[in-house]
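Here is the structure we will look at, set down as structure tokens.
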Amino acid sequence: TKTISKCYVQVTGMTCASCVANIERNLRREDGIHSILVALMAGKAEVRYNPAVIHPSAIAELIRELGFGATVMENCGEGDGILELVVRGMTCASCVHKIESTLMKTNGVLYCSVALATNKAHIKYDPEIIGPRDLIQAIKDLGFSTSLVKRDRSASHLDHKQEIRQWKRSFVVSLVFCIPVMGLMIYMMVMDSQLADAHAHHNLSKEEMEALHSSMILEYQLLPGLSVMNFLSFLLCVPVQVFGGWHFYIQAYKALKHKTANMDVLIVLATTIAFAYSFVILLVAMAEKAKVNPVTFFDTPPMLFVFISLGRWLEHVAKGKTSEALARLISLQATEATIVTLGPDNVLLSEEQVDVELVQRGDIVKVIPGGKFPVDGRVIEGHSMVDESLITGEAMPVTKKPGNTVIAGSINQNGSLLISATHVGADTTLSQIVKLVEEAQTSKAPIQQFADKLSGYFVPSIVAVSVVTLFAWIIIGFVDFEIVEKYFLGYNKSISAAEVIIRFAFQASITVLCIACPCSLGLA
């Protein structure tokens, strides 16, 4: 007997089914090649050959001569089938041993492990020799009942509905509270500029300026040190900090737990520090019964959260669109197949309905008019028109006669066909497309990985810069107080110089944090 070996060749440059047919037709003529199966979407050829006559490198060379790129794949484990089963009726460790030992003795089983606690069996097998139905039958013969682990056929793991909802909610909450805060801020700016004009034209004294300033409705003090403006800003900021920033806090906590710093950490740092600082400053001012209202940063968190949650919301909406397309693709797959047994002269002996996952390579599958093709295969008997528009986009049905290939998911129209399964399970064209789209979704563009890497350094460096700012101003203040006095307007003369310096230094360092936060890198 000839020994038959199997190898896989990665083929590039195939564009359509005729390329596949071309490779298969030409290689079958060669000496020493037993059979060849080419998968278009996976770009992979599985070749069974006689090693005494021909080598894998020579096979790849033959494919190259036809005008395609070809390299021999080293890891040939990809051809192994993997089966996950639920096994019922096991009572103890000896049952487990019985199943494992029986299966391992079976020809074609490469690996088998059975877990008593979860009632699950994990089997690796060679699809050339044995198939899932044989394995299930072998376990049934031992007296256990078994069934397939039900796969989630919907693309629910790719569904972004929940994230879209939560970011939209986060955005709306932040926006509702952000608009009045912005309104207050703009009003204050306008009033301040008017005051400055009055000061320029009428040469008012500092006391008169302060009197004018405090006569503005927003600067009116409800309690000593607590102005209407600061009180309103505080009230509007709290809900945003809690509801708008909720998801950011969770993400930042997770990131810090894994000792990494991402954009969420920066956002949380900036908003929390701005909020906490402003809150503390207010309390201090109230304790001091300050005449001049302190400068607070309550406007920062709502505005930051608005920008960033809007960005996140849009991002998930875009992702959701791709997933929707993928979910539709997955739903095109047939769920059941009719397997037939043929006698001599292709006489139908029996037929049975099985789960698509149980179809083995080489099975004869019957497809009735109006039915979907459950697997990729080759027509053995019958003539029909087939609608392949889901893969090719071609609206006109394609004629199929014995010898033609058919694609899983396409729809049989007028005649009954018998096909021989060539690609089953994860190897069908449709599964490969789904896999490609999934991989495209999960993999990142190089620039995105670069940005992620940068933000890893970016966050700690921003924090460092703001800490440096804090200490630098404290030092400058104690060395030369006049500089601080020049830039820190409207501070109360009644408080000590040291306190003025500390407040100013904090203000400067928080400004650094808040400005670095909605940078284009983070938003993008």
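The backbone N, Cα and C atoms fix where each Cβ goes, glycine too.
As recorded in TrEMBL:
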DOMAIN    5-71  domain 'HMA'
DOMAIN    81-147  domain 'HMA'
TRANSMEM  171-190  transmembrane segment
TRANSMEM  222-244  transmembrane segment
TRANSMEM  265-287  transmembrane segment
TRANSMEM  457-479  transmembrane segment
TRANSMEM  500-523  transmembrane segment
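Helix, strand and coil content of the domain 'HMA' (5-71), in residues and according to DSSP, is 22 helix, 24 strand, 21 coil. Sequence-distant contacts of the transmembrane segment (171-190), counting only residues of its own chain at least 6 positions beyond either end whose CB sits under 8 Å from a CB of the stretch, comprise 218, 229, 232-233, 236-237, 239-240, 243-244, 298-299, 302-303, 305-306, 309-310, 313. Secondary structure of the domain 'HMA' (81-147) per DSSP (helix as H, G, I; strand as E, B; remaining residues coil): 23 helix, 24 strand, 20 coil.
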